[in-house]
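Reviewing the structure listed below.
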């Protein structure tokens with residue numbers, strides 16, 4: 001299964017009224033997800049902020065990064081929506097988002113950057129969790145932002161950075177012999193702080209959508 005949000009329980013929309021660009025993005029996503037027939041839960045508490053780049057769903061639990069774009073109240077609302085899953089908060093320092101330094105590279109496998117801020121994040125997640133995760137450490141923090149999917153007929157698929165962007169990190173991904181590896185160039189999107197996960201929404205849904 002893809003490690004997207006468990007939409008059968010509802011889907012929490014990002015809403016940050018202080019940034020009009022994000023608000024427009026939220027409305028566009030709301031329309032698209034409504035057309036897919038998904039349940040949508042909107043944050044109405046104006047004191048709450050929650051950015052998708054700070055929400056890491058491992059398939060077992062949620063980690064929510066507390067950053068400039070996500071606060072404690074936003075994490076509390078997410079926990080209230082997804083009551084069947086543990087939700088742990090992780091302070092994010094010197095980086096934009098939680099998923100700027102980590103993401104899921106497979107079920108139970110966390111891709112993590114090698115910098116000190118990234119390793120602090122990993123240590124906190126390990127301390128907060130009742131589950132044991134393997135780790136895939138890449139030299140470049142931004143390269144740790146990848147997209148894992150398990151697709152019918154294809155198996156484990158991983159979208160990751162290109163060798164042109166991060167040659168040493170790309171070599172680490174190449175060690176995942178059981179994955180179909182698809183390098184995706186993110187150089188232009190990175191100029192506006194966009195990572196691979198920023199540009200995707202993974203939905204567990206049958207193929208008839």
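Cβ atoms are placed via backbone N, Cα and C, with glycine included.
Taken from TrEMBL as is:
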- 97: active site, proton donor (ACT_SITE)
- 198: active site, nucleophile (ACT_SITE)
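Rounded to a whole number, the distance between the Cα atoms of the residue listed as 'active site, nucleophile' and the residue listed as 'active site, proton donor' is 10 Å.
Sparsest Cβ environment among the active-site residues 97, 198 (other Cβ atoms counted within 10 Å): 198.
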